[in-house]
Amino acid sequence: MSSLQKELFKKRNVTEEKDQQDENDDLAPLQGPSLFKRRQKLDKYAPVSWDKYFDTCQDIAIPNTSDVFRVYRIDGSANTNTPVFIFHHGAGHSGLSFALTASHIKEMTDGQCSIVALDARGHGDTQTSNDTDYSLNTLSDDLVNVIQALYDGQDTPDLILVGHSMGGSVVVDVTSRKRLKNVVGVCVLDVVEGSAMDALSSMTSILNTRPQQFKNIEQAVQWSVRSNTLRNLESAKVSVPPLVKSAGDDALVWKTDLIKTKPFWTEWFTDLSNKFLACPAAKLLILAGTDRLDKPLMIGQMQGKFQLHIIPEAGHFLQEDAPVNTARSLVEFWRRNKRLVLPPKVQIK
């Protein structure tokens, strides 16, 4: 059993054990002296705005479509030698999953690097004409279209594409098919074809253990950390709020119905390892724990075809659980692989 499967089963057990507890937890309406305790709980899990971590938030309209993609940005210094980190989240999450990691990259690089984190279709605050088309080709088209719209009429800067889980499949697909210019690096976060395919058989039962609704945002944040889905409360307070929406009657439900992504699961991960190894760019794989490499990746690692970094203290959402470690790995990856800028030639007379 892979570490991903073990974490999924552990998460299911934790959730089942706390189902009854959550029904009567401190965030439910209380009366009398308990109100003060409830207020303290609400404050502990209160949402935090995106602008604590990103500089700007934009809605990018894709030409000749009705699609509008939400992106969060950090604008680096005006230096053509620094890249733009493009972040693509996993299924059921949003660009704010990278909020803390992005903030730490900004700090570690003294604001040199630009950062873009988008909400994929059917996620966060992005709106498209078909929010349930999660095919790999469509998601790849979306990423390409967003980047082209962002830099319309400008020279495309060097890009480092970073994808978590489902997003890892997207950035690998785009890079391996050379859909974008100037991709100097591709980074995949906690997804390996072999273990991902093995885990799919148990995914439906795991999803069925999730609560269907919450009374308020604070309760959703609380559940995310109590269930061990996220292990970092600071990150959960900014990344969880965009995942839910009002359903009336003082209830919040998930924006993304993950069961509707099921027809695309196999497509996302099939041949992922070979495509990753074939990417015409520097490659980095960051895993949580000691997830077993499949055969193509094991051979590729021995041949030095990619860099591997393990974050043992993190869960599946390593960019949220261990943002400092993740940011440091990404910054070191950039510095190790950045383009060498040669001085202009001087003619000797």
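Each Cβ is built from the backbone N, Cα and C atoms, and glycine gets one as well.
According to TrEMBL:
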- 1-32: region 'Disordered' (REGION)
- 7-18: compositional bias 'Basic and acidic residues' (COMPBIAS)
- 86-327: domain 'AB hydrolase-1' (DOMAIN)
- Ser165: active site (ACT_SITE)
- Asp190: active site (ACT_SITE)
- His316: active site (ACT_SITE)
Fill in: Asp190 (active site) versus His316 (active site) - Cα distance in angstrom
6
Worksheet item: When DSSP states are folded down to helix, strand and coil, where does Asp190 (active site) land?
Response: coil
Fill in: Mean of pLDDT values spanning the domain 'AB hydrolase-1' (86-327)
96
Response to the item:
Taking all protein chains shown into account, the Cβ-based neighbour count within 10 Å for Ser165 (active site) is 24
Worksheet, complete the sentence: Counting every protein chain shown, other Cβ atoms within 10 Å of the Cβ of His316 (active site) number 25
Worksheet entry | Around the Cβ of Asp190 (active site), the count of other Cβ atoms that are within 10 Å | 27
